[in-house]
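Just below is one structure, and these are the notes that go with it.
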Amino acid sequence: DLQNVNITLRILFRPVASQLPRIYTSIGEDYDERFDAGELITQRQVSDDLTEREFTEAVEAKQVAQQEAERARKLEAAEDIAYQLSR
């Protein structure tokens, strides 16, 4: 079920006038014909997979950091108890 996809691009910078011919020749007028819906779906899936993987890695890193902080608190408490008992 391939559908037509309309994409609008907004450029948020002013190109250097001397580079406009090069930009035009590298992009050309047929930029809208370079991708079909199948390619857009495939590329989107890859992007979504990368985003999901990065999210999972961030959650795991946060959990590891929390576990290390808890270990540090326990170690500090144990050292404090040992110090109190050594008096």
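Even glycines carry a Cβ here, placed using N, Cα and C.
According to Swiss-Prot, the feature phosphothreonine maps to THR8. Per Swiss-Prot, the feature N6-acetyllysine maps to LYS62; the stated evidence is similarity to another entry. Summarising the annotation, Swiss-Prot assigns phosphotyrosine to TYR83.
All protein chains shown were included, and the count of other CB atoms within 10 Å of the CB of the residue listed as 'N6-acetyllysine' stands at 10. Within 10 Å of the C-beta atom of THR8 (phosphothreonine) sit 4 other C-beta atoms, taking all shown protein chains into account. LYS62 (N6-acetyllysine) and TYR83 (phosphotyrosine) have their C-alpha atoms 31 Å apart, to the nearest angstrom. Less than 8 angstroms from the CB of the residue listed as 'phosphotyrosine' sits no same-chain residue that is six or more residues away. According to DSSP, THR8 (phosphothreonine) sits in a coil region rather than a helix or strand.
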